[in-house]
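Record features (TrEMBL):
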type     : residues  : note
DOMAIN   : B:6-80    : domain 'Glycine transporter'
DOMAIN   : B:93-163  : domain 'Glycine transporter'
TRANSMEM : B:6-24    : transmembrane segment
TRANSMEM : B:31-51   : transmembrane segment
TRANSMEM : B:63-81   : transmembrane segment
TRANSMEM : B:88-106  : transmembrane segment
TRANSMEM : B:118-138 : transmembrane segment
TRANSMEM : B:150-170 : transmembrane segment
Amino acid sequence: MDMIYLLDLAGTAVFAISGVQVAGQMRMDPFGATVLAAVTAIGGGTIRDAVLDVGPAFWVHDPTYLTVIILTSLLTILFANRSHRMPPILLPLADAAGLALFTVIGTQKALAYGAPGMTAVVMGVITGVAGGIIRDLLASRVPMVLQKDIYATASVLGGVVYTGALALGITEGLAMLLAMTGVFTLRMAAVHWHLRLPIFVLKHHRE
Amino acid sequence: MDMIYLLDLAGTAVFAISGVQVAGQMRMDPFGATVLAAVTAIGGGTIRDAVLDVGPAFWVHDPTYLTVIILTSLLTILFANRSHRMPPILLPLADAAGLALFTVIGTQKALAYGAPGMTAVVMGVITGVAGGIIRDLLASRVPMVLQKDIYATASVLGGVVYTGALALGITEGLAMLLAMTGVFTLRMAAVHWHLRLPIFVLKHHRE
Amino acid sequence: MDMIYLLDLAGTAVFAISGVQVAGQMRMDPFGATVLAAVTAIGGGTIRDAVLDVGPAFWVHDPTYLTVIILTSLLTILFANRSHRMPPILLPLADAAGLALFTVIGTQKALAYGAPGMTAVVMGVITGVAGGIIRDLLASRVPMVLQKDIYATASVLGGVVYTGALALGITEGLAMLLAMTGVFTLRMAAVHWHLRLPIFVLKHHRE
């Protein structure tokens, strides 16, 4: 489990960075930015834990998560204006990895608490995308994950693959690997080719 | 209780439809629309269950709710562009019925867990309107229920009637019927005649 | 503890007034205003209690909180258009006092449930500012506390002072006094001199 814990912290850092990025676009001060980073990084898992009613949220008794968020935020702010020196593909790559990991961890946790498969998939999606949704709400913009190239869809896929693989008798390690690879690949393909599902439009609606 | 369970599922379907409608106006893809449908349909009850701390949210161990939401969303999307063939009064009617039912179920659940009457009324309101509020937040618009013709007010009335009727010794079935009829009638009257409570305006406020 | 309980109710009233104020700017009806008042006054503590998983939210079994909110809202609405007769400094004073108190109460509660210091500080911030954030989200504006003169920062300071003072062996009463004075003074100084932390801006970001 050490490996998963480390990956979880890495996902936390990545989502914290995306929170700081949005804060920078909104001209927030460093404390506001750290708040936005925390909401993005642990918001989804916190909602999951409250809905499943599994006890205090996962970060309450393990200050490592908050420490990672604070350090990541400070470093990101310090290097903010130099960030164009990073190859621009780095962040989407890390974000897709975070989405893949959080989705699988959320699904796993729900199954561990005896939730049915369908609920577990929903918990994976909540864990993967809810933090980003709250970040966007606080920043007064329509949540990206609801509109942009395949995002929530990749998270749904990951939960389905993971749950389905376990049901087929595949070992947990392999199921995780399959699911995470699926999420990551689909999300990166969507970023690269701007893949979208067809939208639908309501022509006639009541007002 | 079978009757109540069926009505609860019907209310879930109705609120899911309203989520898909908003998604269609925002040009979302089918997954985004289903997310919005789910938030609208089970968001209020989920918050209620977390605040009351009654264990996992009501839909966690009963996948029927999610199944209803997914099927309703798919059907609504498929028939989206034909929806003008439905008489336009159908949806407000169904929505008012959903509000009536969710209000009473929420009040009932809170009382069953020993909450005082005033708290129970608040829980009814949360169950009836919070899902729609979150839906509107995700769609970046001022929540309808806070501004429109009598809506939250009808929900408050329903909780008061239900709680008061029980306190007067009226049987549970009759109390439910009275409360639901009250919510439904007041809401439909508000839709028909555009009833509003008088608003108030602050002329002088700090900035 | 009676003193703290009374102060807590006073903080509830103060935050309820700020909710009604925002409602008045949005032309809401009295019920909408009371909903906004309640969200502002008990939203933060409710989230704290759900995240800590300490049982039903603090106001569920004590209707005094809801009573205070409803009475405060009605009185504020009745006197709304006369509010310019109050010296304009009164509200910021009361708001800063509420922030000071809620921050310390939130930190205290988290420590009482065995949370580490860093988590307790975060819980103080949630208790102090989350209600106002939700109020602003419902009113479709960027949350003030994330952008305005030092606000969340004052709350962080209060939690750190309180937790640090206890760790140094200072008695609880004195620690509370120190922390609340710190929050209150810093916040009022920020209001008076428009103090802000330096913001940072991201010049280059992905879109």
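Along the chain as shown, residues are numbered 1 onward.
Every residue, even glycine, has its Cβ placed from backbone N, Cα and C.
Note on the domain 'Glycine transporter' (B:93-163): mean pLDDT across this stretch is 90. Only pairs six or more apart in sequence are counted, and the transmembrane segment (B:31-51) with the transmembrane segment (B:88-106) gives three or more Cβ pairs under 8 Å, enough to call it a contact.
Tertiary neighbourhood of the transmembrane segment (B:88-106): same-chain residues 4, 7-8, 10-11, 14-15, 17-18, 21, 44-45, 48, 123-129, 151, 154-155, 158-159, 162, 176, 179-184, 187-188, 191, selected by CB-CB distance under 8 Å and a gap of 6+ residues from either end. Long-range contacts of the transmembrane segment (B:6-24) within its own chain (CB-CB distance under 8 A, at least 6 residues past either end) are made by residues 32-34, 36-42, 64-65, 68-69, 72-73, 76-77, 80, 91, 94-95, 97-98, 101-102, 105, 131-132, 135-136, 139.
Listed by sequence, the residues of this chain that lie at least six past the ends of the transmembrane segment (B:118-138) yet keep a Cβ under 8 A from its Cβ atoms are 15, 18-19, 22, 36, 39-45, 47-48, 51-52, 99, 102-111, 144-146, 151-152, 155-156, 158-160, 162-163, 183.
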